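Below is one structure; the comments refer to it alone.
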Amino acid sequence: MFITFEGIDGAGKTTQVKLLAQALQEAGRSVEVTREPGGTALGASLRRLLLEGVADGSAIDEHAEALMFAADRAQHVAQVIRPAMQRGDDVICDRYIDSSVAYQGGGRDIGADQIRALSMWATGGLVPDLTIVLDLDPALSAARLNRPADRMESAGDEFARRTREAFLAMAAAEPERFRVIDASLPVERIAADVRAAVGL
């Protein structure tokens, strides 16, 4: 099973990815845990650029940003995700295609359809079996981040609002693939809802 976690920054995706991986392993399943950007050596290099910015401080064009995410994703699918699936592993990924559609298509407002098409081309059409959106009000998101904001997190309240709306719109359009879970709930309650969504 290919499971992805989505949501705005501060929603608790990394925590829930770890908890679900533990639950699947305890159920006797083999699990590959990965993330985007950064699931490969190429991805780690791109992640630094995407989150920290360019060394000379120049702005990254929003179209260049989208292409960098697509390059990361193409390498990630080829090097990590598809091989794990071919081995019969469950794959849990912290962010995937839907993050690009929400952040670049919604947050940056550069065209969700174009971003989706680019992502589908980069992945060879690989779509998750289940996508869990941890939904959180952007006002709570900022309070949860207990570190300096990166380049994406610093984009502002309106960016975060548009990104959240894009995630919710995708979930409404594809209810058979998406599950939306209230990320303001206690961690263990969220984990129980995630396990139920996966069928554990």
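Every residue gets a Cβ built from N, Cα and C, even glycine.
Per TrEMBL, these features apply:
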{"type": "DOMAIN", "residues": "5-193", "note": "domain 'Thymidylate kinase-like'"}
{"type": "BINDING", "residues": "GLY7, ILE8, ASP9, GLY10, ALA11, GLY12, LYS13, THR14", "note": "ATP binding site"}
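A simple way to gauge crowding: the CB of LYS13 (ATP binding site) has 24 other CB atoms within 10 angstroms, across all the protein chains here. Highest local Cβ density among the binding-site residues ILE8, ALA11 belongs to ILE8, counted as other Cβ atoms within 10 Å over all protein chains shown.
Most Cβ neighbours within 10 Å among the binding-site residues GLY7, GLY10, GLY12: this distinction goes to GLY7. Looking just at the domain 'Thymidylate kinase-like' (5-193), the mean pLDDT is 91. With a 10 A radius on its CB, THR14 (ATP binding site) counts 13 other CB atoms from all the protein chains.
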